[in-house]
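Here is what TrEMBL records for this protein:
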type: DOMAIN; residues: 6-522; note: domain 'Carboxylesterase type B'
type: ACT_SITE; residues: Ser198; note: active site, acyl-ester intermediate
type: ACT_SITE; residues: Glu326; note: active site, charge relay system
type: ACT_SITE; residues: His430; note: active site, charge relay system
Amino acid sequence: HTHTGDPVVLTHSGPVRGLTLDKAHVFFGIPYAAPPVGPKRWAAPRPVSRWTQPYDATFPRAACMQACAGEFSEACPHKVSEDCLYLNVYVPVRVRLSVKTAAQLPVMVWIHGGDFIAGSASKPLYDGRFISNYSNTVVVNVEYRLGAFGFLVTGIDPERSAVGNYGILDQQAALRWVQTNIAAFGGDPKKVTLFGESAGAQSVCLHLMMKSSEALFRHATIQSQPFSIPLKTRWDAMKLGRNFVKQTNCSASDLQCLRSLSTHTVLQAQVQAGSKIINPFRFLEMFETWGPHVDGALITEQPITAFQQGHWQSYKPVIMGTTSEEGVIFIYGAFNCSVSVLESIVYTTAIFKQHTLKVLQKYLTVYRKADKRTMLSQIVTDFIFLCPARRAARAVLRTGGAVWMYVFDHTPSDHKIWAGLTFCYDHACHGAELPFLFDSAPVANFSFTPQESRLADRTVCYWGAFAHSGDPNVRRRLTEFCRNQRLAPWPRYRPEERWPVLNLTLQSHLQHGNRDHFCDFWDQLDVY
């Protein structure tokens with residue numbers, strides 16, 4: 001359905017034709033690297049070959065390979081393929097793309113979550129046209145290799161084995177594409193904000209630690225980063241890799257054999273290897289089997305250590321936050337029925353070993369319900385998400401950086417958002433902020449009340465202001481739409497202001513501190 005009005009943009013690889021929708025010009029599925037298939041499977045992303053005829057960017061391409069099963073499976077993408085290194089670009093409809101585009105708008109690059117095994121840049125929930133239009137930014141959504149395709153490690157010699165972290169290199173290649181090409185879409189390559197949630201937030205943290213990503217973006221938002229789930233060591237990653245290879249007829253040192261496996265075989269081996277890794281003494285890995293590992297080159301230490309010690313680009317402004325009930329999805333997803341005190345002690349011991357008594361003393365007295373899932377959920381929220389984020393944010397101040405903290409505390413009224421995770425119906429679960437941040441109700445099959453729409457508009461405008469200036473409070477250059485939101489001031493997180501945290505809810509307000517007596521407890525235990 002191409003007609004003369006479709007926007008055509010000239011990228012360095014060739015012309016691309018997009019679509020003009022009511023809110024934005026949209027370019028779906030622009031290739032940012034060569035397809036990672038055949039001999040390019042388990043290799044760093046390579047440049048894409050050029051083309052001369054306009055590339056059809058009017059429809060979404062396949063998501064990266066993923067198995068659609070298990071507790072946390074998101075609604076599965078319609079199409080999956082190994083050929084998946086594409087990105088989507090959303091440009092405000094008021095930008096005239098036909099002329100030599102001059103608008104130098106800030107760019108927001110979205111890295112989706114999904115445990116490094118699932119998710120997709122083209123999920124309707126992440127439709128970038130609304131953020132783009134309302135905040136006057138160019139939004140880019142990136143696909144990256146997932147699961148074994150993105151993270152398999154079978155050895156250390158990249159010529160003879162899979163060496164992992166490919167998914168992170170894919171994201172970096174996409175950021176380089178933005179540097180080279182985004183000006184043609186009206187974006188300013190010197191004003192890139194990286195934002196991501198969950199595994200996407202872990203990715204953002206890695207780019208903040210990686211020297212090779214430093215010049216590729218200026219601001220970052222870190223949403224629901226599970227700081228206390230450790231990245232694998234090389235040894236753990238190799239062990240998972242050995243389990244993977246055992247499911248195939250190849251040997252670990254035979255990369256050619258591994259590359260000749262069918263996509264389906266790789267996916268099956270990924271699922272089988274992933275289900276047996278659980279080391280009872282590293283219980284937390286259960287939440288993240290596949291993913292980046294500390295390889296000593298690209299990634300040299302655990303993010304939580306890097307942030308505490310200032311080994312990251314701490315001069316870059318950061319928004320950091322969580323939802324108020326991150327742990328619910330993990331605990332209720334793992335335990336279908338009520339958990340007794342005794343069972344709760346067993347699980348707590350598996351994670352906290354010699355600290356178990358202290359942890360139970362702290363929580364059992366507060367969470368008195370017979371079903372201990374509420375208590376365990378709160379422990380997961382505090383220990384994995386909220387308190388280590390507070391610690392990282394406080395460490396930022398020692399290096400002179402600027403950080404803004406939020407907690408998203410609203411329970412969405414439309415249950416369709418949770419795609420059948422009934423236990424999230426009355427909680428601000430992991431991911432609850434996403435429908436509001438993308439303001440994507442019109443295309444993502446859920447609805448907002450008028451008050452919720454206002455919360456979504458405010459959230460978009462805080463993030464948009466941050467993308468424009470590195471400060472969510474700066475109103476100049478904002479759209480009229482955002483100026484009309486009359487956003488409440490959001491002070492930086494620092495002791496002079498009594499540690500302000502923006503509570504994002506229908507009546508958003510500032511709170512001072514956030515579960516501080518629990519976080520002080522965790523900081524003193526020093527178990528992150």
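Indices start at 1 and increase along the chain as displayed.
Positions of Cβ are set from backbone N, Cα and C atoms, glycine also.
DSSP classifies the residue listed as 'active site, acyl-ester intermediate' as coil under the three-state reduction. Mean pLDDT, taken over the domain 'Carboxylesterase type B' (6-522), works out to 93 on the 0 to 100 scale. Just so you know, the Cβ of His430 (active site, charge relay system) picks up 29 other Cβ atoms within 10 Å once every protein chain is counted.
Between the CA atoms of Ser198 (active site, acyl-ester intermediate) and His430 (active site, charge relay system) there is a gap of 8 Å.
Across the structure, Glu326 (active site, charge relay system) and His430 (active site, charge relay system) are spaced 4 Å apart at their Cα atoms. Within 10 Å of the C-beta of Ser198 (active site, acyl-ester intermediate) we count 25 further C-beta atoms, all protein chains included.
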